[in-house]
Amino acid sequence: MRYLTAGESHGKQLTTIIEGLPARMPLLKEDINHSLLRRQKGHGRGKRMQIEKDLAEITSGVRHGYTLGSPISLVIHNDDFKHWTDIMGEDPMDDESKMRRVVTKPRPGHADLNGALKYGHRDMRNVLERSSARETAARVAAGAVAKTLLKHLGIEVCGFVKEIAGIRAEEMTSLTMEEKQHASENSPVRVLDKNVEKEMMDAIDAAKKEGDSIGGVTEVYVEGMPAGIGSYVHYDRKLDSRIAGSVVSINAYKGVEFGIGFEAARENGSKVHDEIAWDKDQGYYRTSNRLGGFEGGMTTGMPIVVRGVMKPIPTLMLKPLQSVDIETKEPFKATVERSDACAVPAASVVMEHVVAFELAKAILEQFPHDQFPKLQKAIEDYREEIRCF
Ligand SMILES: Cc1cc2nc3c(=O)[nH]c(=O)nc-3n(C[C@H](O)[C@H](O)[C@H](O)COP(=O)(O)O)c2cc1C
Ligand SMILES: C=C(O[C@@H]1CC(C(=O)O)=C[C@@H](OP(=O)(O)O)[C@H]1O)C(=O)O
């Protein structure tokens, strides 16, 4: 299974095409729209999110609520496009208007300058339109389809916030999946504890007031993945590495860790590895889950715990960073009209969905079936096989 996204931030629409899903899997647009609305809701976002109401239209690959086995295309319209028709339309602009609207001031921390150098764009709008995290809406749409597949296989994926600007959420390992999902679905900063929620919201509001930005840590937690999914044989099929790559591919993500993560560097082996046990009902299991559900590029059958680090948003409303105009070569400090102050809660939803996509993809590689009921049966049989192994 693979997917492709297309679309510019202020262009007409975003498009997602997903290929490789089996036929006869239940899929409703409501499942996708629920995820899209969650991505929009986190505290700390700027004015753009008040303009957009992300809703996906399924334009192919689904009929009467079931997948057909053909590519699925999803369209999300950009409501902001109506304000940008002259700048983003396909018709050529006259030279004078073009000169007035050309972007020549690259923002540190964004893709502007490197993208301009790579493609030779002297108008950096040609870069920023696509490098914008608007694209994560299209990725969440793909991930929502993957989450639907996983749900029907008994696998639940949930994303929430671990840390914002140094304020840490409660330890989630002791919480049930339902409690985690409650935080993920209902809290404006995706935490369970109301005191921490308030502290985080205050920190975001303070950053906003100062015209600065803040980052944080998000976590994705997965229950129900059977052991042995992924590969120890091929470097590019190791599932933990694919997940790590997909997390760092989210805009502004700079690092990833599984389980105790970087802490493993400071602990002895006796305090890092997860001992193996067995009982008649569940088969093999681990007495701890410090490695976050992976050994040898494959799942262990324990919950997957993966965290990602999001840097602060690079566009700063009142504290613009130093840069150089690519036309005049003069130094400048950028003025900004709008930007998010913190997108960590929203990004936790993005991370949840990119991880879900990698999991669903790995399952389909290991159990290739054209018909969804056959995939369900294959997973059921595999679960029984490993339980009795
Ligand atoms: C959900 C989300 C919203 C974002 N909103 C903004 C924003 O409003 N302004 C901004 O400058 N960057 C924003 N970013 C981050 C930039 O898109 C990102 O830093 C940029 O594309 C450069 O990529 P890099 O940080 O991965 O190197 C956002 C990221 C995410 C995930
Ligand atoms: C549009 C989204 O996020 C955008 C990501 C983004 C950036 O530079 O990455 C900049 C902002 O857009 P604008 O420049 O239009 O204000 C965010 O709102 C979205 O998440 O749907």
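Keep in mind that glycine also has a Cβ here, set from the backbone N, Cα and C atoms.
For reference, TrEMBL has these:
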type	residues	note
BINDING	Arg39, Arg45	NADP(+) binding site
BINDING	Arg130, Ser131, Ser132, Asn251, Ala252, Gly296, Lys311, Pro312, Ile313, Pro314, Thr315, Arg338	FMN binding site
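Highest local Cβ density among the binding-site residues Arg39, Arg130, Lys311 belongs to Arg39, counted as other Cβ atoms within 10 Å over all protein chains shown. The binding-site residues examined here are Ser132, Thr315; by Cβ neighbour count within 10 Å, the least packed of them is Ser132.
In this entry, Arg130, Ser131, Ser132, Asn251, Ala252, Gly296, Lys311, Pro312, Ile313, Pro314, Thr315, Arg338 make up the residues listed for FMN, with the farthest two CA atoms of the set 45 Å from each other.
DSSP assigns Arg39 (NADP(+) binding site) to a helical segment in the three-state reduction. Fewest other C-beta atoms within 10 Å: among the binding-site residues Ala252, Ile313, that description fits Ala252.
Residues near Arg45 (NADP(+) binding site) in space but far in sequence (CB under 8 A, at least 6 apart, same chain), listed by position: Asp340, Ala343, Ala346. The binding-site residues near ligand 2, defined by a Cβ under 6 Å from one of its atoms, do not include any of Arg39, Ala252, Lys311, Ile313.
Across the fold, the C-alpha of Ala252 (FMN binding site) and the C-alpha of Arg39 (NADP(+) binding site) stand 15 Å from each other.
Proximity of the binding-site residues (Arg39, Arg45, Arg130, Ile313) to ligand 1: a Cβ under 6 Å from the molecule is found for Ile313. Comparing Arg39 (NADP(+) binding site) with Arg130 (FMN binding site), their Cα atoms are 18 Å apart once rounded.
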